[in-house]
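Per TrEMBL, the features are:
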- 20-40: transmembrane segment (TRANSMEM)
- 22-232: domain 'Ion transport' (DOMAIN)
- 52-70: transmembrane segment (TRANSMEM)
- 82-103: transmembrane segment (TRANSMEM)
- 155-176: transmembrane segment (TRANSMEM)
- 188-208: transmembrane segment (TRANSMEM)
- 214-234: transmembrane segment (TRANSMEM)
- 275-309: coiled coil (COILED)
């Protein structure tokens, strides 16, 4: 932006929206709005508390709407900008709330569609980990030195953000699918507990979905978790293994766990051995995950057979 000579208002707007400070502010509001949505599902809230939450949601919706308009105004190609994935996510982040403000009876017209779209706000945080440069800008803005930002850190952040996003969205979908028909899931936080048990394949059995949509969400969450999480964990392991070649350590002695490691060559070998050990432990956990899943299926099959025999 500093390289633009005689910048127009549109250029200045584009630079302001693309600044890391504004991105951090937008990310903080995304997190806050996601928390407010969850709190708003608690049945014991008083009318005044519900009104406060509704006003807060309206404020967030207006903020996201203004941000969308500013991004669209500052875009070089507005038509192409509208159909970008992040632009569509921005649209979904405010559109449901504005519809509910304009049409108070929209819940009866659209059903669970509006709450479902509102859950997609959390996907806006993916902007920070879309590539290494975006992640590096964030880390530097938060006080990290540029030399301390490594690809392995980005891979770890992607893994954590994927886990959090999958857990939040799946829990929200379970809630909007079940809360009317299932007294066991009266709020988002109960759905969060159930979603966590589901994604970790623990399955205590104290809560179960009763609607078709709820069971469909549970099945989809398990399949997505099995497919996405090991893939990103493998990328993290590869990033750790490749770090020693791209970012060699200095020849000074390194202190780790109160042990003095030798020079850089021995330290690199130590890091490689640790990464291989970590990958071996991950493979063991994956096998335990598969065994627990099979045991859960066997237990469910025996339960069904027992019910049929009792009949």
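Glycine is treated like the rest: Cβ placed from N, Cα and C.
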Fill in the blank from the handout: For the coiled coil (275-309), the distant same-chain contacts (Cβ-Cβ under 8 Å, at least six residues beyond its ends) come to 201-203, 230, 233, 237, 240-241
Problem - Mean per-residue pLDDT computed across the coiled coil (275-309) - result: 75
